[in-house]
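Here's the structure we're looking at; comments come further down.
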Amino acid sequence: MEVTCLLLLALIPFHCRGQGVYAPAQAQIMHAGQACVVKEDNISERVYTIREGDTLVLQCLVTGHPRPQVRWTKTAGSASDKFQETSVFNETLRIERIARTQGGRYYCKAENGVGVPAIKSIRVDVQYLDEPVLTVHQTVSDVRGNFYQEKTVFLRCTVNSNPPARFIWKRGSDTLSHSQDNGVDIYEPLYTQGETKVLKLKNLRPQDYASYSCQVSVRNVCGIPDKAVSFQLTNTTAPPALKLSVNETLVVNPGENVTVQCLLTGGDPLPQLQWSHGPGPLPLGALAQGGTLSIPSVQARDSGYYNCTATNNVGNPAKKTVNLLVRSMKNATFQITPDVIKESENIQLGQDLKLSCHVDAVPQEKVTYQWFKNGKPARMSKRLLVTRNDPELPAVTSSLELIDLHFSDYGTYLCVASFPGAPVPDLSVEVNISSETVPPTISVPKGRAVVTVREGSPAELQCEVRGKPRPPVLWSRVDKEAALLPSGLPLEETPDGKLRLERVSRDMSGTYRCQTARYNGFNVRQREAQVQLNVQFPPEVEPGSQDVRQALGRPVLLRCSLLRGSPQRIASAVWRFKGQLLPPPPAVPVAAEAPDHSELRLDAVTRESSGSYECSVSNDVGSAACLFQVSAKAYSPEFYFDTPNPTRSHKLSKNYSYVLQWTQREPDAVDPVLNYRLSVRQLNQHNALVKAIPVRRVEKGQLLEYILTDLRVPHSYEVRLTPYTTFGAGDMASRIIHYTEHNTCHFEDEKICGYTQDLTDNFDWTRQNALTQNPKRSPNTGPPTDISGTPEGYYMFIETSRPRELGDRARLVSPLYNASAKFYCVSFFYHMYGKHIGSLNLLVRSRSKGALDTHAWSLSGNKGNVWQQAHVPINPSGPFQIIFEGVRGSGYLGDIAIDDVTLKKGECPRKQMDPNKVVVMPGSGAPRQPLPQLWGPVATFLLALQR
């Protein structure tokens, strides 16, 4: 059960600061992933170099108030791990297993509605090295003057890499160089894909028959290892050669089993064989084993080109192609063409007439056609001609021409298409020629020129065709350029003239064209008509949802507007309050245009009139609602995230305090805020500590502050803040606050705040306290305790006893900090006691232009058996680390220690402490002001009340 305790008195001072904390967004891109290096190139462009397959992590550090929203995008694509799919709305962009295609320029856009958005960019360079490919080419030239042949071999090594690869050629174990003898030449050819180096062996000699290797390297950039490929050159080395067991064009019947063999006739080393099909993959059930391709029960859909390719990296691949044709016929059509010379569109006695017949067949040229009249074979005569391949008609079309049409030529004509001797069924088409055979007309039935339906319903568009024979009707869109029909086709054929649409949508509205086809009917000018489709859909309104705030007693006007709909008008508008029907608003005058909005006026906001209002708008097709939440409650506070060093730790009590700052969003929109209700709960705990914080008049942009104390290290807390006005509780805001050890590091944890030992130094720093000290340690050097004076407190020190020598260095390196301020101050305590004390140096390692270490502070010699404090100002230009370097002096009495390292934004205290000035160690007997306590006494008091 959660215990909520309300404290009515403020025990910690509450501060209000001046105006103007609203600030536009500022952004800075930092890396936190597996970057090889972040550098500036010649044009001062930030470049993030990463190995392909590693994890890319970019952080967009933002400042500004209110807290800016961050969006990542990428040039010519999207910033996401799936790439080119969506933008990433997060301060951290993370791409697992980054690919080379995901390199490019990434943009971080931060905006908070104040001023212009902040946009920063960084170029991501993905490094990779593929496996190299080695191919061999040879030429033979006949020099007739001296009666000999010269044989030249080219070994071509190609690789894809970033950065460009370096090539090393070897013969056996010997490295080859350009022009090291008359028979060797190494060069880079022009116009090649990828990076290529060619080893040319001129006028091949016996010693040139050897094992060659090509080694490629990117000089271990990003830890990418070198790669190599080898080839054994012999006097039998030859490119592949092929032959097929069948003709290059293979015609088969459907249902047959097809086997094609691709036979090797040459090649050393032994070539590899591979079958492919175009277009598309090999058919289902097809089996390719070595050079044999088997397709069981072949079907018409299996027709196409089958390619057999042999490769052995010598010369060009050998390729043989089989064009497999599976006999098939479909789509038998006919055309009636009146006398073309006389430009007639009707059949007339005494004029010429042509009947045409066509089928789509494979192979097309093997189709034969036969014409019949009234069931008998048509006989050729001077007036009856049968032709093939009319240039005005599709290829392999049979035409029967009637010259000077007579009455006796009327009758029924039958065209039969067949594959002689093949088990493929014949196709036939019949056409009747008589005085009743007339060209088509097309029209829209009465009342069907405009079709109106509701969205989601079916629709039927109809055109009527008259004539004999009746051709099919072709449908297309008119009013949208290159628009497709709902079927996804630009043109759709309907045998009955009806275009049926299922579940129409609003984008289907428009004009549709119906026209007669020029096949299965007269081959004349197409007749056409048009049908208008209107799709009605419910209204769309704005606002869909709106939060309306107003002070008590003030009026409010609610307005619901029609954005779009079909029909585009408001037929009725109904207002409800908390689900209860309200009286209708004043009607619009009859002479006025159809209204496009509805309004409701509240004379005064009260507690009783606060709540949910709904305006339901209808256009006789459907309805939509505007929702209004009317109240006088205050908006939520806006937490301020740019507080410098909000965490303040107290080493003795293991507690920390946190400076909580916020502004009030739109404080003048409602009644003045009287106080805030603060709730603090440790994560994973149920008990919440609650306090009322009274305030005076809160202005827009005014920064409010409250110090949370007695928070336990290293726990995190949920903070909830709710404003209260005369209306009551307003909107609550919440955030999580974390204990951040990186601001002040006491070295109490074994992870030592993320500090690491430098791998390039001579020895390491040691973490210890008074309880873990070596009893046999050297006297008269090193601190007895840490800065707190307690035996449990830890610190870092260097042990200078043997085997350490003069000048040996130990380096302690901090985590990588992202520079979000211009100036920083490094504060720390040091202990340098012993007659052999060497030096303590503070260095700053800049990561903006590679790893560059610069000295920021140094101190040498014996400074006494006391802890002393130093404040060192630094101004890093980009991501940075701080390094504590201890240098061993002339003897073993030279232990150096550090403790309580703090990194703060801003400048150091103006009064710099003299390095030789003693700082009284806590626990030494000097008086110490106790830390103010908040939660402890209060909790004790509440427990007493409960008892």
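Including glycine, each Cβ sits where the backbone N, Cα and C put it.
TrEMBL annotations: computationally assigned, not manually curated.
As written in TrEMBL, here are the features:
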type	residues	note
COMPBIAS	771-780	compositional bias 'Polar residues'
DOMAIN	24-123	domain 'Ig-like'
DOMAIN	132-230	domain 'Ig-like'
DOMAIN	240-323	domain 'Ig-like'
DOMAIN	338-432	domain 'Ig-like'
DOMAIN	440-532	domain 'Ig-like'
DOMAIN	539-631	domain 'Ig-like'
DOMAIN	643-743	domain 'Fibronectin type-III'
DOMAIN	743-910	domain 'MAM'
REGION	771-790	region 'Disordered'
SIGNAL	1-18	signal peptide
*Can you tell me the mean pLDDT for the domain 'Ig-like' (132-230)?*
86
*Selected stretch (most C-beta pairs under 8 A with the domain 'Ig-like' (539-631)) from 132-230, 240-323, 440-532*: 440-532
*Taking pairs 6 or more apart in sequence, does the count of Cβ pairs under 8 Å between the domain 'Ig-like' (240-323) and the domain 'Ig-like' (440-532) hit 3 or more?*
no
*asked:* I'd like the per-state residue tally for the compositional bias 'Polar residues' (771-780) from DSSP, helix first, then strand, then coil.
replied: 0 helix, 0 strand, 10 coil
